[in-house]
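Q: So that we are looking at the same thing, I have put the structure below in structure tokens.
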Amino acid sequence: MPNASSWSATSPLLLLWEDSGTRIFLSLLYAVLAISGTLSNVMVIYLVFSFKKLQTTSNAFIVNGCAADLGVCALWMPQEAVLGLLPPNSSSLRSPEYRLLRGGLLGLGLTVSLASHLLVAFNRYVLITKLPSVYQALYQRRHTACMIGLSWALALLLVPLLPGLWTPGSAAQPSPRPRDGGSGYTGLLLALAVLGQTALLLHCYLGIVRRVRGSAKRVSVLNFHLLHQLPFPAAPPPPRRAQRRLSSVSVLLLCCVFLLGTQPLVWVSLMGFFVRPAPPALQAASWLLLCALSALNPLLYTWRS
């Protein structure tokens, strides 16, 4: 069991457990996620830049998310894996500068990654539900570059202004009177931001499903050349009913994985603000699920491509 007195906003995620066997297991888990996430994100970026056919607007947002996830998998997770093998009273865990660096890396990567999820969803929503002229006017090259730049600017703005926002344990670990302290409001802000982003993402994907399933004429847009990144076989083209069914399954899978990765932290944070702090193990598990999305995102968007 974790030592409650050692769990704090400055602790590495899921790693300050008294049982050395548990810490070693979790360190190996981080190592596996770091290696698999780094390889998959690098592969997606390499393929998009290597093949002109894959250089579409939607894939630009996917590559943006992969670059952010690469920071989490290649820079942040290996540090957590190593720190999990150190004793809880190690000086490395107590250095405020090093804790700030780890929190900044995690915050930058997760903020841009979540923003990229929304950019991909909105891009596909406009592509399928609006006229091609509307899509082409909205997603010109300079507009796409501005959207990607804004996602990084937002992350760079939030990381120094809210240093505790992306610190594992702090958002869901408010003081006994959360309304009098900043940590409780930080957790509430985190939960509301992720909830808002999730609502917009679900609106986009459910709108896609309704349009594809409800209008046989609009199904022909699936042959639009910018939709090659969607999970449909290139040739031979399946019947329209099969296309609609495959699109629905793909959207459902993406939404389920996204909800599984983000919602536990949302409700743990809300519980910590309005009721009482959740058990340390539950807090840690919710953060691990959110961070694991960085390793799963490349597979999530390319599993049928």
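Yeah, the Cβs are placed from backbone N, Cα and C, and that goes for glycine too.
TrEMBL annotations: computationally assigned, not manually curated.
According to TrEMBL, the domain 'G-protein coupled receptors family 1 profile' annotation covers 40-301. If you look up TrEMBL, you'll see 24-49, 61-79, 99-122, 143-166, 186-208, 249-275, 281-303 marked as transmembrane segment.
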Q: Go through the chain and flag residues at least 6 beyond the ends of the transmembrane segment (99-122) whose CB is under 8 A from any CB in it; none is fine as an answer.
A: 10, 12, 58, 61-62, 64-65, 67-72, 75-76, 79-80, 93, 147-148, 151-152, 154-156, 158-160, 163-168, 194, 197, 200-201, 204-205, 258, 262, 290-291, 293-294, 297, 301
Q: With the transmembrane segment (249-275) as the reference, which stretch in 24-49, 61-79, 281-303 has the largest tally of C-beta pairs below 8 Å?
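A: The listed stretch sharing the most Cβ pairs with the transmembrane segment (249-275) is 281-303.
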